[in-house]
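Engineer: Dropping a structure here in structure tokens format, bear with me for questions.
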Amino acid sequence: MAELPQSRINERNITSEMRESFLDYAMSVIVARALPDVRDGLKPVHRRILYGLNEQGMTPDKSYKKSARIVGDVMGKYHPHGDLSIYEAMVRMAQDFSYRYPLVDGQGNFGSMDGDGAAAMRYTEARMTKITLELLRDINKDTIDFIDNYDGNEREPSVLPARFPNLLANGASGIAVGMATNIPPHNLTELINGVLSLSKNPDISIAELMEDIEGPDFPTAGLILGKSGIRRAYETGRGSIQMRSRAVIEERGGGRQRIVVTEIPFQVNKARMIEKIAELVRDKKIDGITDLRDETSLRTGVRVVIDVRKDANASVILNNLYKQTPLQTSFGVNMIALVNGRPKLINLKEALVHYLEHQKTVVRRRTQYNLRKAKDRAHILEGLRIALDHIDEIISTIRESDTDKVAMKSLQQRFKLSEKQAQAILDMRLRRLTGLERDKIEAEYNELLNYISELETILADEEVLLQLVRDELTEIRDRFGDDRRTEIQLGGFEDLEDEDLIPEEQIVITLSHNNYIKRLPVSTYRAQNRGGRGVQGMNTLEEDFVSQLVTLSTHDHVLFFTNKGRVYKLKGYEVPELSRQSKGIPVVNAIELENDEVISTMIAVKDLESEDNFLVFATKRGVVKRSALSNFSRINRNGKIAISFREDDELIAVRLTSGQEDILIGTSHASLIRFPESTLRPLGRTATGVKGITLREGDEVVGLDVAHANSVDEVLVVTENGYGKRTPVNDYRLSNRGGKGIKTATITERNGNVVCITTVTGEEDLMIVTNAGVIIRLDVADISQNGRAAQGVRLIRLGDDQFVSTVAKVKEDAEDETNEDEQSTSTVSEDGTEQQREAVVNDETPGNAIHTEVIDSEENDEDGRIEVRQDFMDRVEEDIQQSSDEDEE
């Protein structure tokens, strides 16, 4: 291999070479490719495209020209890079969803909001828009500097005159080396108003500027949430602006709703947004959506329709879509632009100041250019006036000259004319020697003198020049200004949670034996006197019945503890609200239960982070455990282990405690043990627990509750055959944990085994639920108080094969008292005896009739009322059985 001549070898340290070369490359990218100029808001490629369009005469009043022709001309003369990069830049300037004020008028397929690419450049055509002319206006009047192109054969503008603030009007985005810019678009009317205010008050604050410029105005419209992000971006040049789609909830008949999206955030790909929603629905991360379709068209504009299931809350679904999809996103503002050829982070005021200074420079240079041209013309006219005053001598001198040069020299010497004046006289046509032409020259000369005076005044007085800038900006505002598209909504949207959209109200959540769940307003159930038939609380399936019921607020948490010792969590409003007769939805649609897993206890909790509360667990085999409530604050959708136990055991109940309670554990054979909660050491969430009660053969735990020391509460015992009683808590002595307990009721064939042992104050209502789905709500105070060994009194009359499945306490409220007053009234008979009138109702369910009857009895004759009521119940059951037989036939 031949060696290179020594003179062509330049040894350099590789570290220095890499550093300098990379810096050169970085500056080239920053200055010549990625960042816009603060004055015209354009990158070099955009500036070259617009200048190329102007040079080719592709104005709005001319016909479209092929995009390939435009790209080729720009690439050959000004931008020696790939044709694709030039075409993509031109396409973006033509998209009305990318530019607030498009600078290219495209004809053909220039892409869509779904991310579809534009057609090939050989198919599309383009020309300038009307507003683009304002960027280029006066470019040929020495208003800006021109520089050599890449090969030195052409001249190109270093910046455009930009008669409107394009940097903020259309925004900019670009990634350079070590820095990036992202400037949002704005409303032209607001921007020019801001520039006008700045020109009148150079010390104006950004807060005052924001009175004119409310915030970004995106071409896709949509919403901006709050002004804090806008204010931060305008003050510092950096900030995050929350953008949200415009969506409305429409009724579509049959109690169903749909969500209709008509505007989406800026730079969001609509097709990908729809795919994201579909993915969340498919992965069951968002529930309640039945259909999703894109109905966007040229006639309707953007229209994405989301159909919502009948039992779902459209507001909650929409809020979740905002959180998990591009329906709501942010725009990261980073206002970096080239200032005097160097990248700089600028705020709103600085951007407007630099633009205003640029406009003053443009107007000043244009004025100077016009002044030069006016003076040159006046100089020529002065020569013509001299020639007209001495026309005979001028003609004689010209006739006596042998050549043009001799004639010009003779005119200059004889009449003291300049070379330009002499040449103008020689070029003058004979027809201008008429009197009419002389008058025209005089008029033009006088007008020029006035015009020159005006131009000199503009240059001499900065305020006059500034007023001219204002007038021209006002003219552009009046011609191209429009209403803002993006609405700025004020409020705490950044912290919006689902419950902010849900009214807080008391509700009842029921769970059936076959694991169907639903919620109802607590007022659905009417208070009735003891022995009432009850209200049909749900239309149960065959062999299904309500097994559990809790009352809570829609904003409270519900903890679901299963027989397998796992815990799940929902908000009250997340359980679908259905009609009273509805069976509910499968609980697996709300909670991801494992196989053979059923809910054993539902607990309503307002604050899961509380350090003062505990959960006490009891299993069928008599094991108990105490654990801090805060251990259960973070429960995911798949649930977590709440307690560990042996395979032959299962969780019976869980209670919320304050840490200073007495624990009551009751069994099906009517044994009850009471011991202090403090004897239970708090254990971890997954711990096993300790022995709470020693069970006799065939016995098992059926109830767990708590009571205060020296409590005036009572123990309520309800048996499977509908009997119950109240016994003071203090009748049950404290004992050591792990004992056999003491007798709490006499169990016979008449009343059956115990199904519920709980504590009451006498101020609650009691809901008793049967396996037939019948719910009775009665006042606990109406239940007789008996000793520990008593069997109790009848609380509800049961039909054949019916038994009490569950019992729940609910708080009395004003609405309940009103309903109770409507159901029970007192009257005075003819003999002066006060009569009790009670309406007993078997409420309407599919296939059943409504049975009502007024029962009259003396006030203290409770046994008489029960006897009449039981007779009524028998007749109701006969009617129901007859109706059932007719249905079978």
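For all residues, glycine too, the Cβ spot is worked out from N, Cα and C.
Keep in mind it's a predicted model, so treat the numbers as computed, not measured.
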Engineer: Under Swiss-Prot, the annotation motif 'GyrA-box' belongs to which of these stretches: 10-16, 528-534?
Structural biologist: 528-534
Engineer: According to DSSP, does Tyr123 (active site, O-(5'-phospho-DNA)-tyrosine intermediate) sit in a helix, a strand, or coil?
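Structural biologist: Where Tyr123 (active site, O-(5'-phospho-DNA)-tyrosine intermediate) sits, the three-state DSSP reduction gives coil.
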Engineer: Quick one: mean pLDDT on the motif 'GyrA-box' (528-534)?
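Structural biologist: Summarising the motif 'GyrA-box' (528-534) by its mean pLDDT gives 48.
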Engineer: Who sits close to Tyr123 (active site, O-(5'-phospho-DNA)-tyrosine intermediate): which same-chain residues at least 6 apart have their Cβ under 8 Å from its Cβ?
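Structural biologist: In sequence order, Ser67, Gly108, Asn109 meet the Cβ cut-off.
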